[in-house]
Amino acid sequence: MRRDVRILLVGDEGVGKSTIVTSLIKESFVPHVQHIVPEVTIPPEVTPENVTTYIVDSGAGPQDRLHLESEIRKAHVICVVYAIDNPNSFDRIPAYWLPHFRQLGVNVPVILVGNKIDLRGGEVTNEALEEEIIPIMTEFKEVETCVECSAKLPLNVSEVFYFAQKAVLHPTAPLYDSREHVLKPACVHALRRIFALCDTNKDGILDAAELNEFQRKCFDAPLQAQELEGIKAMVQEHAQGGIRDEGLTEAGFLYLHTIFIQRGRLETTWTVLRKFGYAEDLRLTESFLLPKFEVPPDCSVELSPLGYQFFTDIFEIFDKDMDGALNFMELKELFGTSPGNPWAAQKFPDTTLSDDSGSVTLQGWLAQWSMTTLLDHKTTLAYLAYLGYPGEPRTAALQVTRPRKTDRRKGKVTRNVFLCYVCGAAGSGKTSLLRAFANKSFQPTYEPTSKMITVVNAVDIDGSEKYLVMQEFGSRYEAETLRNPKKTDIADVIVYVYDSSDTNSFSYISNLRQQYNLDHIPTLFVATKSDMDLAMQVGDLRESDVVKR
């Protein structure tokens, strides 16, 4: 939320713009004021919203035109003032002022301000005022509301600036269609996502405990029992299907926010949206999705115990059939509060452990997140937000390892996730090796690797479970990777694969090793297709380096 609001008053000559500003500052009527009052700054400590407020007066004469247009472009909200005793000043709002803002390319909230109500003869009902205002609000969506005041009495002067602030800090337009009297689709989508995240047991309702947690998160206060009963009674009476099993349904949740907005309590809905990371365009902000998280050189990122616990918990919540694996529909529901499965383009779940039906197991699920965190921790950070990680700070779900050089110097590795590059000539069996590592079936038909393949699995090292990520680049990108120091510096080991039945297969590896300086990276040679006739290889190789498969 912004920390300052710039309010501009415009309108025809003589409508009382300068008098309104003076009455606000002096808290009394000043009969003779200067033509244009200098800019007024109201410090945050004296405003309900705790924001710095700038109030800018303006003139409407020909000599004021350039300055006026400059201020219109700088304004966060524009108050168009008209005089109750001058109908022409009102008629010029839709005829001149509002089209003028659009011609300047300005799209900010507008408040209509009817001044000099002390000069009105007789009373005017709200219905009569609405009949005048609604046609303007229908044609010009930027008009938020209309406030009538008297700078002379003074009456409702502070309300003018309150509504102006509110229009900037808690705008109606992104949330609510004033013509149709319904929430806008983007608002509905955001509130449905928030409901789903707060429904921690995924039973389709917010029970008393979940509502209390929601209230605490958004408003730093518990929901009193009497308040809860009052809310439920109101929803029960007015929203069909809004209450079920003593809990608030999604329909009831949406109804409540519709009522808040219709009753002018937009700050309530905006507080909820902002607590869950939404900006004024109803998109999650980058700062929310990607909080600051420094990774020093030569270090890697892993899930912390808190991170593993969160992904374990969410797995168990969405494993509705309790078969120990997430099927396609369970995964779809799990990722329902996010942009979708982050591994959809990676042939998931072929990248990790799954059962015979292709459903990802808990071990495979945790392995996949371990791999994602190692290779792209920003994706993990964002998905912790999308999926509703409950702790603060969210970065506590990750941990930075100590530098690899320190591990090598001390002769003890403290990391839990390792990266292995798999290199070799086309057709040498690299893809089959990766599939076997992820417990996938052998595919007899050869398909050249056109883009990078990555798999992960857990390995046992001295009774401790670690994760090994294996990457194959394909012949097209292999050289590009090996010549890039930034890529080779993050590799923990390189596995060179050659076809033991092909005389020329190993020479490809020899050429790679001669061409690129890779001796500092631990190396393993793997001879594949040992079930076929062994061929004499061309190249220099120590027998102790070879693992046959």
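Using the three backbone atoms N, Cα and C, a Cβ is placed for every residue, glycine included.
Annotations in TrEMBL come from automatic prediction, not curation.
Given the structure is predicted, the values throughout are model-derived calculations rather than measurements.
Taken verbatim from TrEMBL:
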type: DOMAIN; residues: 2-170; note: domain 'Miro'
type: DOMAIN; residues: 186-221; note: domain 'EF-hand'
type: DOMAIN; residues: 306-341; note: domain 'EF-hand'
type: DOMAIN; residues: 415-549; note: domain 'Miro'
From the DSSP assignment alone, can you count helix, strand and coil residues within the domain 'EF-hand' (306-341)?
23 helix, 2 strand, 11 coil
Sort out the residues at least 6 away from either end of the domain 'EF-hand' (306-341), same chain, that have Cβ-Cβ distances under 8 Å to it, and list them.
193, 196-197, 200-202, 348, 354-355, 357-362, 365-366, 369, 373, 380, 383-384, 386-391, 396-399
Along the domain 'Miro' (415-549), what average pLDDT does this model show?
87
What are the DSSP helix/strand/coil residue counts across the domain 'Miro' (415-549)?
34 helix, 42 strand, 59 coil
